[in-house]
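Undergrad: Can you read through this structure? Questions will come right after.
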Ligand SMILES: C[S@@+](CC[C@H](N)C(=O)[O-])C[C@H]1O[C@@H](n2cnc3c(N)ncnc32)[C@H](O)[C@@H]1O
(Lines of atoms letter the chains of each structure in order from A and count residues from 1; the text may use other names and numbers.)
(Lines give C-alpha, C1' and ligand atoms only; values in the text may rest on other atoms or scores of the structure.)
Protein backbone atom coordinates (compact mmCIF):
# COMPACT_ATOMS: atom_id res chain seq x y z
CA UNK A 1 0.00 0.00 0.00
CA UNK A 2 1.08 3.57 -0.57
CA UNK A 3 2.69 2.83 -3.95
CA UNK A 4 1.19 4.28 -7.12
CA UNK A 5 -1.35 1.86 -8.56
CA UNK A 6 0.39 1.75 -11.96
CA UNK A 7 3.59 0.50 -10.27
CA UNK A 8 1.66 -2.14 -8.37
CA UNK A 9 0.13 -3.46 -11.60
CA UNK A 10 3.51 -3.43 -13.39
CA UNK A 11 4.98 -5.47 -10.50
CA UNK A 12 2.18 -7.98 -10.78
CA UNK A 13 2.74 -8.37 -14.52
CA UNK A 14 6.48 -8.90 -13.94
CA UNK A 15 5.74 -11.41 -11.19
CA UNK A 16 3.39 -13.33 -13.47
CA UNK A 17 5.75 -13.22 -16.48
CA UNK A 18 8.59 -14.59 -14.31
CA UNK A 19 6.45 -17.50 -13.18
CA UNK A 20 5.25 -18.34 -16.68
CA UNK A 21 8.83 -18.08 -18.06
CA UNK A 22 10.23 -16.94 -21.40
CA UNK A 23 7.81 -17.85 -24.20
CA UNK A 24 8.23 -16.49 -27.72
CA UNK A 25 4.69 -17.33 -28.79
CA UNK A 26 2.93 -15.76 -25.80
CA UNK A 27 1.27 -12.38 -26.32
CA UNK A 28 0.70 -10.25 -23.21
CA UNK A 29 -2.44 -8.13 -23.48
CA UNK A 30 -2.59 -4.78 -21.64
CA UNK A 31 -3.46 -5.30 -17.98
CA UNK A 32 -6.85 -4.37 -16.51
CA UNK A 33 -6.36 -2.12 -13.51
CA UNK A 34 -9.82 -1.06 -12.32
CA UNK A 35 -10.20 1.37 -9.43
CA UNK A 36 -7.52 1.34 -6.75
CA UNK A 37 -9.80 1.79 -3.72
CA UNK A 38 -13.40 1.10 -2.77
CA UNK A 39 -13.40 -1.96 -5.04
CA UNK A 40 -14.44 -4.77 -2.71
CA UNK A 41 -18.01 -6.01 -3.14
CA UNK A 42 -17.84 -7.97 0.09
CA UNK A 43 -16.73 -7.37 3.64
CA UNK A 44 -15.68 -10.35 5.71
CA UNK A 45 -15.67 -8.79 9.16
CA UNK A 46 -14.44 -10.69 12.20
CA UNK A 47 -16.36 -9.39 15.21
CA UNK A 48 -14.40 -8.60 18.38
CA UNK A 49 -14.71 -6.28 21.37
CA UNK A 50 -17.85 -6.31 23.49
CA UNK A 51 -21.61 -6.21 23.01
CA UNK A 52 -21.57 -2.49 23.87
CA UNK A 53 -18.50 -1.68 21.75
CA UNK A 54 -18.05 -4.31 19.03
CA UNK A 55 -15.15 -4.11 16.57
CA UNK A 56 -15.66 -5.16 12.94
CA UNK A 57 -12.46 -6.10 11.15
CA UNK A 58 -9.74 -8.57 12.07
CA UNK A 59 -8.16 -9.98 15.23
CA UNK A 60 -4.65 -9.07 16.35
CA UNK A 61 -2.00 -11.64 17.30
CA UNK A 62 -3.46 -11.80 20.82
CA UNK A 63 -6.97 -12.50 19.48
CA UNK A 64 -8.30 -9.00 20.25
CA UNK A 65 -10.52 -7.19 17.77
CA UNK A 66 -9.05 -4.54 15.46
CA UNK A 67 -11.68 -2.31 13.90
CA UNK A 68 -11.42 -1.90 10.11
CA UNK A 69 -14.66 -0.09 9.39
CA UNK A 70 -12.65 2.75 7.82
CA UNK A 71 -10.68 0.47 5.45
CA UNK A 72 -10.32 2.14 2.06
CA UNK A 73 -10.92 -1.08 0.13
CA UNK A 74 -14.67 -0.83 0.85
CA UNK A 75 -16.88 1.45 -1.23
CA UNK A 76 -18.60 4.20 0.77
CA UNK A 77 -22.01 2.55 0.32
CA UNK A 78 -20.74 -0.65 2.00
CA UNK A 79 -18.82 1.22 4.70
CA UNK A 80 -21.98 3.16 5.57
CA UNK A 81 -23.60 -0.14 6.67
CA UNK A 82 -20.93 -1.00 9.26
CA UNK A 83 -22.11 1.37 12.04
CA UNK A 84 -25.67 0.06 11.58
CA UNK A 85 -24.41 -3.53 11.92
CA UNK A 86 -22.40 -2.58 15.03
CA UNK A 87 -25.56 -1.01 16.52
CA UNK A 88 -27.47 -4.22 15.71
CA UNK A 89 -24.88 -6.31 17.58
CA UNK A 90 -25.58 -4.18 20.67
CA UNK A 91 -29.37 -4.11 20.19
CA UNK A 92 -29.69 -7.90 19.74
CA UNK A 93 -27.04 -8.57 22.46
CA UNK A 94 -24.88 -10.69 20.20
CA UNK A 95 -21.80 -11.37 22.31
CA UNK A 96 -18.68 -11.28 20.09
CA UNK A 97 -16.79 -14.58 20.15
CA UNK A 98 -13.66 -14.25 22.28
CA UNK A 99 -11.06 -16.46 20.61
CA UNK A 100 -8.57 -16.78 23.52
CA UNK A 101 -11.35 -17.45 26.07
CA UNK A 102 -13.48 -19.52 23.66
CA UNK A 103 -16.62 -17.74 24.87
CA UNK A 104 -19.29 -15.70 23.10
CA UNK A 105 -21.44 -16.30 20.05
CA UNK A 106 -20.94 -13.93 17.10
CA UNK A 107 -17.83 -14.77 15.08
CA UNK A 108 -18.13 -12.97 11.74
CA UNK A 109 -20.38 -10.68 9.75
CA UNK A 110 -20.21 -11.35 6.01
CA UNK A 111 -21.74 -8.62 3.87
CA UNK A 112 -21.96 -8.63 0.05
CA UNK A 113 -23.15 -5.73 -2.08
CA UNK A 114 -24.59 -6.15 -5.58
CA UNK A 115 -23.86 -3.65 -8.38
CA UNK A 116 -27.40 -2.30 -7.78
CA UNK A 117 -26.49 -1.59 -4.14
CA UNK A 118 -28.55 -4.46 -2.67
CA UNK A 119 -27.12 -6.46 0.23
CA UNK A 120 -26.69 -10.04 1.42
CA UNK A 121 -25.80 -10.36 5.12
CA UNK A 122 -24.67 -13.46 7.01
CA UNK A 123 -24.18 -13.81 10.76
CA UNK A 124 -21.59 -16.50 11.50
CA UNK A 125 -22.45 -17.87 14.95
CA UNK A 126 -21.00 -20.46 17.32
CA UNK A 127 -24.48 -21.85 18.07
CA UNK A 128 -28.17 -21.23 17.45
CA UNK A 129 -28.58 -19.54 20.86
CA UNK A 130 -28.81 -15.94 19.47
CA UNK A 131 -30.99 -16.80 16.44
CA UNK A 132 -34.29 -15.89 18.17
CA UNK A 133 -32.86 -12.48 19.13
CA UNK A 134 -31.65 -11.85 15.57
CA UNK A 135 -35.13 -12.73 14.26
CA UNK A 136 -36.77 -10.49 16.87
CA UNK A 137 -34.68 -7.44 15.95
CA UNK A 138 -34.50 -8.14 12.19
CA UNK A 139 -37.36 -5.72 11.34
CA UNK A 140 -35.27 -2.91 12.89
CA UNK A 141 -32.29 -3.89 10.73
CA UNK A 142 -34.39 -4.14 7.56
CA UNK A 143 -35.75 -0.71 8.34
CA UNK A 144 -32.28 0.76 8.94
CA UNK A 145 -30.85 -0.92 5.80
CA UNK A 146 -33.73 -1.06 3.31
CA UNK A 147 -31.35 -2.34 0.62
CA UNK A 148 -30.91 -5.59 2.60
CA UNK A 149 -32.39 -8.43 0.52
CA UNK A 150 -31.01 -11.67 1.93
CA UNK A 151 -30.15 -12.36 5.59
CA UNK A 152 -28.95 -15.69 6.95
CA UNK A 153 -27.20 -17.30 9.88
CA UNK A 154 -24.25 -19.62 9.35
CA UNK A 155 -23.30 -22.01 12.14
CA UNK A 156 -19.62 -22.53 12.92
CA UNK A 157 -19.53 -24.49 16.20
CA UNK A 158 -15.85 -25.50 15.89
CA UNK A 159 -13.05 -23.41 17.38
CA UNK A 160 -11.31 -23.10 14.01
CA UNK A 161 -9.69 -20.24 12.08
CA UNK A 162 -12.14 -20.50 9.17
CA UNK A 163 -14.72 -18.04 7.98
CA UNK A 164 -17.88 -20.13 7.95
CA UNK A 165 -19.40 -23.51 8.72
CA UNK A 166 -21.60 -25.88 6.73
CA UNK A 167 -25.09 -25.14 8.07
CA UNK A 168 -27.00 -22.09 6.86
CA UNK A 169 -30.36 -20.83 8.14
CA UNK A 170 -32.14 -18.37 5.87
CA UNK A 171 -33.97 -15.58 7.72
CA UNK A 172 -35.55 -13.76 4.77
CA UNK A 173 -38.04 -14.91 2.15
CA UNK A 174 -35.61 -13.85 -0.59
CA UNK A 175 -32.74 -16.28 -0.97
CA UNK A 176 -30.59 -14.86 -3.75
CA UNK A 177 -28.89 -11.53 -4.35
CA UNK A 178 -29.05 -10.41 -7.98
CA UNK A 179 -25.55 -9.55 -9.22
CA UNK A 180 -25.95 -7.85 -12.59
CA UNK A 181 -22.72 -8.23 -14.58
CA UNK A 182 -22.48 -7.13 -18.23
CA UNK A 183 -26.29 -7.22 -18.42
CA UNK A 184 -26.45 -10.80 -17.13
CA UNK A 185 -28.20 -11.48 -13.81
CA UNK A 186 -26.09 -13.84 -11.73
CA UNK A 187 -27.86 -15.09 -8.60
CA UNK A 188 -25.82 -15.28 -5.44
CA UNK A 189 -26.86 -17.47 -2.51
CA UNK A 190 -25.20 -17.32 0.91
CA UNK A 191 -22.81 -20.26 0.44
CA UNK A 192 -21.49 -19.42 -3.02
CA UNK A 193 -18.28 -17.86 -4.28
CA UNK A 194 -18.41 -14.56 -6.14
CA UNK A 195 -15.41 -12.67 -7.56
CA UNK A 196 -14.35 -9.95 -5.08
CA UNK A 197 -14.22 -7.01 -7.48
CA UNK A 198 -17.34 -6.76 -9.64
CA UNK A 199 -15.88 -4.20 -12.08
CA UNK A 200 -12.78 -6.30 -12.82
CA UNK A 201 -14.82 -9.55 -12.84
CA UNK A 202 -17.02 -7.99 -15.54
CA UNK A 203 -13.89 -7.32 -17.64
CA UNK A 204 -12.65 -10.88 -16.97
CA UNK A 205 -15.89 -12.45 -18.22
CA UNK A 206 -16.04 -10.10 -21.24
CA UNK A 207 -12.49 -10.86 -22.31
CA UNK A 208 -12.85 -14.62 -21.84
CA UNK A 209 -16.13 -14.51 -23.80
CA UNK A 210 -14.51 -12.60 -26.68
CA UNK A 211 -11.67 -15.15 -26.89
CA UNK A 212 -14.20 -18.00 -26.92
CA UNK A 213 -16.32 -16.22 -29.54
CA UNK A 214 -13.29 -15.90 -31.81
CA UNK A 215 -12.62 -19.65 -31.60
CA UNK A 216 -16.34 -20.53 -31.98
CA UNK A 217 -16.25 -23.93 -30.24
CA UNK A 218 -19.40 -26.07 -30.47
CA UNK A 219 -18.92 -27.56 -27.01
CA UNK A 220 -17.53 -25.86 -23.88
CA UNK A 221 -17.02 -26.86 -20.26
CA UNK A 222 -16.79 -24.30 -17.47
CA UNK A 223 -15.02 -26.17 -14.65
CA UNK A 224 -15.10 -24.62 -11.14
CA UNK A 225 -18.00 -22.56 -12.48
CA UNK A 226 -19.31 -21.04 -9.22
CA UNK A 227 -22.58 -19.24 -9.99
CA UNK A 228 -21.85 -19.60 -13.71
CA UNK A 229 -20.12 -16.33 -14.65
CA UNK A 230 -18.02 -17.75 -17.50
CA UNK A 231 -20.58 -20.30 -18.74
CA UNK A 232 -23.38 -17.73 -19.00
CA UNK A 233 -21.10 -15.27 -20.81
CA UNK A 234 -20.02 -17.80 -23.45
CA UNK A 235 -23.48 -19.24 -24.09
CA UNK A 236 -24.50 -18.86 -27.72
CA UNK A 237 -27.07 -20.28 -30.07
CA UNK A 238 -26.21 -23.86 -30.96
CA UNK A 239 -23.36 -24.06 -28.43
CA UNK A 240 -23.46 -26.70 -25.74
CA UNK A 241 -22.05 -25.45 -22.42
CA UNK A 242 -21.67 -27.49 -19.22
CA UNK A 243 -20.73 -25.90 -15.88
CA UNK A 244 -19.35 -28.04 -13.02
CA UNK A 245 -18.89 -26.92 -9.43
CA UNK A 246 -18.84 -28.60 -6.00
CA UNK A 247 -21.16 -26.10 -4.28
CA UNK A 248 -24.77 -27.26 -4.63
CA UNK A 249 -25.92 -23.74 -3.70
CA UNK A 250 -23.87 -22.18 -6.49
CA UNK A 251 -25.20 -24.71 -9.00
CA UNK A 252 -28.79 -23.90 -7.98
CA UNK A 253 -28.03 -20.20 -8.58
CA UNK A 254 -26.37 -20.85 -11.96
CA UNK A 255 -29.30 -23.01 -13.07
CA UNK A 256 -31.73 -20.25 -12.10
CA UNK A 257 -29.75 -17.67 -14.12
CA UNK A 258 -29.70 -19.94 -17.19
CA UNK A 259 -33.47 -20.44 -16.91
CA UNK A 260 -34.03 -16.66 -16.53
CA UNK A 261 -32.03 -16.10 -19.71
CA UNK A 262 -33.83 -18.91 -21.56
CA UNK A 263 -30.53 -20.63 -22.34
CA UNK A 264 -31.44 -24.15 -23.38
CA UNK A 265 -27.89 -25.15 -24.34
CA UNK A 266 -26.38 -24.43 -20.91
CA UNK A 267 -26.44 -27.07 -18.17
CA UNK A 268 -24.98 -26.99 -14.68
CA UNK A 269 -24.21 -29.92 -12.39
CA UNK A 270 -22.75 -30.24 -8.91
CA UNK A 271 -19.62 -32.34 -8.70
CA UNK A 272 -15.87 -32.52 -8.66
CA UNK A 273 -14.27 -30.95 -11.76
CA UNK A 274 -11.65 -33.69 -12.21
CA UNK A 275 -14.08 -36.57 -11.71
CA UNK A 276 -16.42 -35.03 -14.25
CA UNK A 277 -13.64 -34.58 -16.83
CA UNK A 278 -12.52 -38.17 -16.42
CA UNK A 279 -16.04 -39.47 -17.06
CA UNK A 280 -17.32 -37.45 -20.06
CA UNK A 281 -16.44 -37.04 -23.76
CA UNK A 282 -14.04 -34.07 -24.13
CA UNK A 283 -15.44 -30.78 -25.48
CA UNK A 284 -13.72 -28.43 -27.95
CA UNK A 285 -12.82 -25.87 -25.30
CA UNK A 286 -12.48 -25.98 -21.51
CA UNK A 287 -12.59 -22.98 -19.18
CA UNK A 288 -11.04 -23.51 -15.75
CA UNK A 289 -11.13 -21.06 -12.84
CA UNK A 290 -9.94 -23.09 -9.84
CA UNK A 291 -9.28 -22.03 -6.24
CA UNK A 292 -5.72 -20.99 -5.31
CA UNK A 293 -4.41 -24.56 -5.35
CA UNK A 294 -4.92 -24.75 -9.16
CA UNK A 295 -6.40 -27.63 -11.16
CA UNK A 296 -3.81 -30.13 -9.92
CA UNK A 297 -1.98 -33.02 -11.44
CA UNK A 298 -4.82 -35.36 -12.47
CA UNK A 299 -6.85 -32.77 -14.36
CA UNK A 300 -3.71 -31.21 -15.93
CA UNK A 301 -2.57 -34.62 -17.20
CA UNK A 302 -6.06 -35.44 -18.44
CA UNK A 303 -6.19 -32.14 -20.39
CA UNK A 304 -2.71 -32.80 -21.79
CA UNK A 305 -3.76 -36.23 -23.09
CA UNK A 306 -7.22 -35.13 -24.30
CA UNK A 307 -8.45 -33.80 -27.67
CA UNK A 308 -9.36 -30.44 -26.14
CA UNK A 309 -8.02 -27.79 -28.52
CA UNK A 310 -8.21 -24.75 -26.32
CA UNK A 311 -8.21 -24.06 -22.61
CA UNK A 312 -9.08 -20.69 -21.06
CA UNK A 313 -7.41 -20.79 -17.66
CA UNK A 314 -8.31 -17.98 -15.24
CA UNK A 315 -6.11 -18.14 -12.17
CA UNK A 316 -5.85 -16.18 -8.92
CA UNK A 317 -2.48 -17.79 -8.18
CA UNK A 318 0.13 -17.69 -10.94
CA UNK A 319 2.39 -20.09 -8.98
CA UNK A 320 -0.16 -22.93 -9.18
CA UNK A 321 -0.94 -21.93 -12.79
CA UNK A 322 2.76 -22.32 -13.66
CA UNK A 323 2.84 -25.75 -11.96
CA UNK A 324 -0.23 -26.88 -13.91
CA UNK A 325 1.17 -25.54 -17.21
CA UNK A 326 4.34 -27.56 -16.73
CA UNK A 327 2.16 -30.70 -16.78
CA UNK A 328 0.48 -29.65 -20.07
CA UNK A 329 3.38 -29.05 -22.50
CA UNK A 330 1.12 -29.64 -25.54
CA UNK A 331 -1.21 -26.84 -24.48
CA UNK A 332 0.86 -23.69 -25.02
CA UNK A 333 -0.08 -20.32 -23.53
CA UNK A 334 -0.73 -18.00 -26.45
CA UNK A 335 -2.32 -15.04 -24.66
CA UNK A 336 -2.13 -13.77 -21.11
CA UNK A 337 -3.62 -10.80 -19.33
CA UNK A 338 -3.20 -9.65 -15.75
CA UNK A 339 -6.37 -8.28 -14.14
CA UNK A 340 -5.80 -6.42 -10.90
CA UNK A 341 -8.73 -7.85 -8.99
CA UNK A 342 -7.10 -6.97 -5.65
CA UNK A 343 -5.35 -3.54 -5.69
CA UNK A 344 -3.22 -2.67 -2.63
CA UNK A 345 -2.40 -6.38 -2.18
CA UNK A 346 0.11 -8.66 -3.93
CA UNK A 347 -2.74 -10.78 -5.37
CA UNK A 348 -4.07 -10.62 -8.92
CA UNK A 349 -6.02 -12.64 -11.48
CA UNK A 350 -4.42 -13.80 -14.73
CA UNK A 351 -6.41 -14.94 -17.75
CA UNK A 352 -4.59 -17.19 -20.22
CA UNK A 353 -5.50 -18.85 -23.48
CA UNK A 354 -3.83 -22.21 -24.09
CA UNK A 355 -3.75 -23.76 -27.53
CA UNK A 356 -2.91 -27.32 -28.46
CA UNK A 357 0.20 -27.39 -30.59
CA UNK A 358 -0.48 -29.53 -33.59
CA UNK A 359 0.69 -29.08 -37.18
CA UNK A 360 -2.88 -29.21 -38.51
CA UNK A 361 -4.34 -26.60 -36.14
CA UNK A 362 -3.81 -22.87 -36.33
CA UNK A 363 -6.61 -21.19 -34.47
CA UNK A 364 -5.21 -18.08 -32.79
CA UNK A 365 -3.38 -15.29 -34.63
C1 LIG B 1 -12.14 -19.11 -7.95
S2 LIG B 1 -13.77 -19.74 -7.71
C3 LIG B 1 -14.41 -19.50 -9.34
C4 LIG B 1 -15.90 -19.42 -9.48
C5 LIG B 1 -16.44 -18.95 -10.81
N6 LIG B 1 -15.71 -19.43 -11.96
C7 LIG B 1 -16.60 -17.45 -10.86
O8 LIG B 1 -16.15 -16.81 -11.81
O9 LIG B 1 -17.17 -16.89 -9.92
C10 LIG B 1 -13.47 -21.45 -7.61
C11 LIG B 1 -14.72 -22.30 -7.48
O12 LIG B 1 -14.33 -23.67 -7.49
C13 LIG B 1 -15.20 -24.41 -6.66
N14 LIG B 1 -14.50 -25.67 -6.39
C15 LIG B 1 -13.58 -25.93 -5.42
N16 LIG B 1 -13.13 -27.19 -5.54
C17 LIG B 1 -13.76 -27.74 -6.60
C18 LIG B 1 -13.71 -29.02 -7.23
N19 LIG B 1 -12.88 -29.97 -6.77
N20 LIG B 1 -14.48 -29.24 -8.30
C21 LIG B 1 -15.33 -28.29 -8.78
N22 LIG B 1 -15.43 -27.06 -8.20
C23 LIG B 1 -14.65 -26.79 -7.14
C24 LIG B 1 -15.43 -23.47 -5.50
O25 LIG B 1 -16.61 -23.80 -4.80
C26 LIG B 1 -15.51 -22.10 -6.19
O27 LIG B 1 -16.84 -21.78 -6.51
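Here the Cβ of each residue, glycine as well, is placed from N, Cα and C on the backbone.
Whatever TrEMBL says is automated annotation, not expert-curated.
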Undergrad: Of the residues 175, 245, 249, only one is listed by TrEMBL in the S-adenosyl-L-methionine site with 195, 224, 289. Which is it?
TA: 245
Undergrad: Does residue 316 (active site, nucleophile) have same-chain partners at least 6 apart in sequence with Cβ under 8 Å from its own Cβ, and which are they?
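TA: Within the chain, residue 316 (active site, nucleophile) has Cβ neighbours under 8 Å at 291, 292, 341, 347, 348, 349.
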Undergrad: Residue 289 (S-adenosyl-L-methionine binding site) has how many other Cβ neighbours within 10 Å of its own Cβ?
TA: 25
